[in-house]
Each structure stands twice: as structure tokens, then as C-alpha cells.
Amino acid sequence: MAHSPAERQAMQRALELARRGPRSRNPQVGALILSPDGDVLAEGWHRGAGTAHAEVDALSHLPEGAARGATAIVTLEPCNHTGRTGPCSEALIRAGVARVVYALDDPGETSGGGGDRLRAAGVDVEPGLLRDEARELIGPWITAMRLGRPHVTVKWAQSLDGRAAAADGSSQWITGPAARADVHARRAAADAIVVGTGTVLADDPALTARDGDALRAEQPVPVVIGARETPADAALRRHPHEPLFYDTHDLEFVLADLWDHGLHRVFVEGGPTLASAFIAAGCADTVLAYVAPVLLGGPRLALTDVGVPSIDAAIRLAVTDRIPLGDDTLYVCETPTEGAR
Ligand SMILES: NC(=O)c1ccc[n+]([C@@H]2O[C@H](COP(=O)([O-])OP(=O)(O)OC[C@H]3O[C@@H](n4cnc5c(N)ncnc54)[C@H](OP(=O)(O)O)[C@@H]3O)[C@@H](O)[C@H]2O)c1
């Protein structure tokens, strides 16, 4: 059965509700309960680990029996595991819901399978409504679930001839204001922003997400990787969040620890050394390359060794977007790690 216009509109609303939830180790999920005529009976969203899942939250606003014959609209497949809150599929069956429409399959080994459980109980189940929009919201969470580590975006700005800095190491500003504004918006959508000690010592970055001069409401946690000491007066020490420092080059260890801190969207803005290390380790899922029509020449390439000895081993990226930003162009690419999804 096709989705009705009311269901489509409800899914859009469910995605809005999902965004109200915190970005943490749990996914952001929204849900609505619709009457058989398509009227909204209740809304809900997930407020973080240990609290009710979105569909259960929505059901909790209804009196006993009011959801009988209703349709549940959920941005993620209702879960099938008991966890801390009990399976949502069971709650929907108990409430007598007749139809469940969801956007994305739950890839979790224990949490997935809620759709089948609902079908087995005679509920009409329809997956895939606004899947792409939902993926944009919780795609990183899904990658994280699949890989058991945070989703990693590696970003750099480069000259047309592939340099990340001029010969003297200066790199601010290769790209123009539109590209820089885009970076700040994307930083705000990340949980952690990661640089190497080389960038801290060369640029003294604040690692905040700003809108013009103003700090944005959402700020990623600043993270520095490397053995060298960050100066006591470094700008990032004045960040609204306490920075995390890792005196190691073991990126898998760092990612596991960030995951344990509930940081599952990691934005790497370090220099060429760190960007290359993430790519070589197979720990980069999305690449953002901001390309400016300037020539710098010289030795400071945007990437160093990424473990490609010959052209046969080239890391082929899937370009998912190509966005003009003033005179610059942003390439949004998925790596083979991500493409394996
Ligand atoms: N164009 C851009 O987008 C952009 C962005 C940022 C920086 N930059 C420029 O890049 C230059 C700095 O480059 P960079 O490469 O030195 O910066 P970086 O990549 O931020 O830092 C490199 C340092 O990180 C540490 N590190 C942590 N994990 C590592 C690992 N797995 N493998 C190797 N090293 C690891 C090492 O320091 P320890 O010895 O302390 O362990 C290493 O020397 C500056 O000129 C800056 O302006 C450009």
C-alpha cells in the first residue's frame, strides 16, 4: 500500500520531533500516532538513553485503548529488544496499532527485527517513507552501530593544486567566507571536533562553531591528538566544552574512547598528517574537500601518505554532493568504508 499524504506529512513532523532529542549514544527518533482518518492523536520523541523511546513516549500521551486501529509513524524501525525500556514493537502490538510506517531499518543485531515482529502479530508494516531525510539525520548513528565506532568526517580546505597551506605553513584563509560559514554549520552538527597537535601549534584554532562572530547553540567537544603539549593559553582551552587530550597516535583507541563519551559524530579538521592517518587507517567515512581556485605550490600537500602505493590501490570515493560556495567548491564524498553500508 502506498503512503498517504497524511502519513508523509506526519513523517516530516516526526523528523522535526526527532531533532529535539539529544545527540548522544542513542539515535534521535520521533513518532506520531495517527487515527484511521489521518488525524494526529499524539506525538513523541526520544530524550536520550534510559528514557522512553519515541513511539512509547507518543503512546504514553493517550488513554488506554485510544491507539486501537491507529497508525504509528516512526523515523526508525521500532526496536525489538528489551534494553532499559522494553521492546517498542511489543508496546505497539499491545496498544492495538493496526499499521506502522517507518523511515529507516534498525541495523542493530539485538534491536533490529521489530518490523518482522509486528508483521507476525498481524500489523501492516511499511518501511522506507522519507528514508533519505531520516538517513541524513541518523546516518552517522547507523554507521556507528554498524562499525562499532563513531562516524568520522574528515574535512580539509585545499588550493586547486592540492595544497593545504602555503610554504611557510600559513593556511588561513585558503577558502572564502561562504565555505567557512558552511564549515561552521557542519561543525555544529558534530559531537566532537578533532585536530592534531600540529594544527594547534600552527594555527591556535578556537574549534568553536560560530555564526558570524556569535557562538552557535550547539558546540562540538574539542579534541586534540598527539604527544606535544597544548599551550596553557591556547584558544581551544577557552572553548565552552572541556577539551579532551589524547597523548597517542592510536586512532582506534581515540575513537573507542570518544564513543564511550557518547560522541558519535566526529569531525576531523586536523592538518594533512592527521587527515591522512584517519584515511590510511580506514577510519574516514565521509570526506569534505573545500577546493579554492588559488594556487599555492610548495611542499604542503593536503594529504600525505594514505597507504596508496600505486594507482590500482587508489581510494575511489563516491561523490554524493558538489556544492558551489562563492568561488569555492565543496566535494562531499563517501569513502569505501561508508559505501559498504
Ligand atoms: N587546509 C586545511 O584544511 C588545514 C587544516 C588544519 C591545518 N592546516 C595546516 O596544516 C599544518 C599543520 O599540519 P600537521 O599535519 O602538522 O597538523 P595535524 O595533522 O593537525 O597534526 C599532526 C600531528 O598530530 C599528531 N598525531 C596524532 N595522531 C597521529 C597519527 N595517527 N599519526 C601521525 N601523527 C599523529 C602528531 O603530533 P605529536 O608529535 O605531537 O604526537 C603529528 O605531528 C599547518 O600549516 C596548518 O595551518 C590546514
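The backbone N, Cα and C atoms fix where each Cβ goes, and this holds for glycine too.
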With Cys79, Cys88 listed by TrEMBL as binding Zn(2+), identify the candidate in His53, His61 belonging to that site.
His53
For the substrate site that TrEMBL assigns to Ser171, Arg187, Asp203, Leu207, Arg210, which of Glu90, Glu109, Glu269 is also named?
Glu269
Taking Ala157, Ala214, Ala217, Ala227 as the options, which does TrEMBL list with Trp173, Thr199, Gly271, Pro272, Thr273, Leu274, Ala275, Ser276, Ala277 at the NADP(+) site?
Ala157
Name, in the order they occur in the sequence, the residues of the same chain whose CB lies under 8 A from the CB of Glu269 (substrate binding site) and which sit 6 or more residues away.
Lys155, Trp156, Val183, Arg187, Ile193, Val194, Val195, Thr199, Pro205, Leu207
Just give me the nearest neighbour of Ser276 (NADP(+) binding site) among the recorded positions Glu55, Cys79, Cys88, Ser171, Arg210, Cα to Cα.
Ser171
Tell me, how many other CB atoms lie within 10 A of the CB of Cys88 (Zn(2+) binding site), whichever protein chain they belong to?
32
Could you check which of the binding-site residues Cys79, Cys88, Arg187, Asp203, Leu207 have their CB within less than 6 A of ligand 1?
Asp203
Restricting to the chain of Cys79 (Zn(2+) binding site) and a gap of 6 or more, list residues whose Cβ falls under 8 Å of its Cβ, or answer none.
His53, Pro87, Cys88, Ser89, Asp106, Gly108, Ser111, Gly112, Gly114
Sequence gap of 6 or more, C-beta under 8 Å: which same-chain residues meet both conditions with respect to Ala157 (NADP(+) binding site)?
Ala164, Ser171, Ile174, Thr175, Ala179, Val183, Ala289, Tyr290, Ala292
Tally the residues of the domain 'CMP/dCMP-type deaminase' (5-125) by DSSP class, grouping H, G and I as helix, E and B as strand, and everything else as coil.
38 helix, 25 strand, 58 coil
